[in-house]
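Below you'll find the structure, written out as structure tokens, and then a few comments.
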Amino acid sequence: MASLNSDVIMGESSSISVPSSSSKNSKRFELKKWSAVALWAWDIVVDNCAICRNHIMDLCIECLANQASATSEECTVAWGVCNHAFHFHCISRWLKTRQVCPLDVCEWEFQKYGH
């Protein structure tokens, strides 16, 4: 009876070709190059900041304006308990005048911020 590792197909015919012992040890294929591809996205429904309208993974308008300066900070994302996400700079500027979420007008409370 053929083992599970061989390429022999068991059928009703009387002639069965069994691979020789030398072909069992040879490689069936050799991997010479492997290029991995991966995609990711934020776990949010809307992927644009509703304040500056830039993509949430891109720089906010404040960071874009200060891009030439040597002290440009990292542009992070801030989530509220309502699960709306904004650039941290954008929501900080918004919260100086109103303490509510710009989208659902619920009282703003940080759930998390950073990448």
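From the backbone N, Cα and C atoms, a Cβ is placed for every residue, glycine too.
Going through H84, H87 against Swiss-Prot, the one listed in the Zn(2+) 1 site together with C49, C52 turns out to be H87.
Within C75, C101, the residue that Swiss-Prot lists together with C60, C63, H89 for binding Zn(2+) 2 is C75. Among the binding-site residues C49, C52, C82, H87, C101, the ones whose Cα sits within 10 Å of the Cα of C60 (Zn(2+) 2 binding site) are C49, C52, H87. By the criterion of other Cβ atoms within 10 Å of the residue's own Cβ, the least surrounded of the binding-site residues H87, H89 is H89.
For the zinc finger (60-107), the model's average pLDDT works out to 85.
According to DSSP, the secondary structure content of the zinc finger (60-107) in residues is 13 helix, 9 strand, 26 coil. Between the C-alpha atoms of C49 (Zn(2+) 1 binding site) and H84 (Zn(2+) 3 binding site), the distance comes to 9 Å.
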